[in-house]
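S.K.: Just passing along the structure, written as structure tokens.
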Amino acid sequence: MKCFAENCLRERALGQRNCSFSLKTGLHIPETESFTMSHYKLTYFNLRGRGEIIRYLFAYSGIKYEDYRIEWADWSSIKPTIPFGKVPILEIDGVIIHQSLAIARYLAKENGVAGKTPLEQALVDAIVDTIDDFMSMLPWAEKDHDVKQRVFDDLLTNTAPGLLQDLEKFLGNKNWLVGESVTWADFYWDVCSTTLLSLKSDLEDSNPNIWVLKRRVQALPAIAAWIQQRPKTIL
Ligand SMILES: N[C@@H](CCC(=O)N[C@@H](CS)C(=O)NCC(=O)O)C(=O)O
């Protein structure tokens, strides 16, 4: 039987721990024969988009996963097979989780970057949701090119600076957005700000501390390696 002792979960996912679980004693028993490594399959498009925060968490944790990237041409036939019809989804040993932030939060909890206490976790979630509120206002799927351009310009010029100022204030002189160590809120800031800068590079001209934070995230060895090796896509 698989061991679910808390301190074994991460090592098991990494394939570093072989253990089983005694129903008699409730303790884990280091053994090899019962060991099975979870299989993770991420399904998304060939974009950073809403899949990238999940890829960051896999990169940071070192857990192996299948990074399945759907071709646009295949999407209409794949969509009906996906629960709720949207991606990203993450399959873990046959269980499917949908919603990018639910997936990311799960991986963050499993890998110790969700915040150290319930209060920190609430603050991390609040920052992620605040950034996500803005990213979700951008009309990604708008068909009318002129309307899309106009709304993007308006949001990036008139709304984004206020958000960045608020984040700068929240961060203050701290190294990380929440607590004493990196959390997935820092990852989400890096992922989303990369997209924002690709749309409007002069956003970097003010609010210096949040851009220092971005460089701090990108300097984490596992994240730096992922950025270097990931497929190059526009978004
Ligand atoms: N809130 C969802 C949004 C999911 C979503 O809208 N996904 C888009 C791609 S970013 C999608 O599947 N679009 C294709 C479609 O709706 O047919 C999440 O964060 O996962």
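Using the three backbone atoms N, Cα and C, a Cβ is placed for every residue, glycine included.
Okay, these came from TrEMBL:
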type   : residues : note
DOMAIN : 38-115   : domain 'GST N-terminal'
DOMAIN : 117-235  : domain 'GST C-terminal'
S.K.: Helix, strand, coil residue numbers for the domain 'GST N-terminal' (38-115) per DSSP?
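M.R.: Secondary-structure composition of the domain 'GST N-terminal' (38-115): 37 helix, 19 strand, 22 coil.
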S.K.: Using DSSP, break the domain 'GST C-terminal' (117-235) down into helix, strand and coil residues and give each count.
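M.R.: In the domain 'GST C-terminal' (117-235), the DSSP-based counts are 88 helix, 0 strand, 31 coil.
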S.K.: Looking only at the domain 'GST N-terminal' (38-115), report the model's average pLDDT.
M.R.: 98
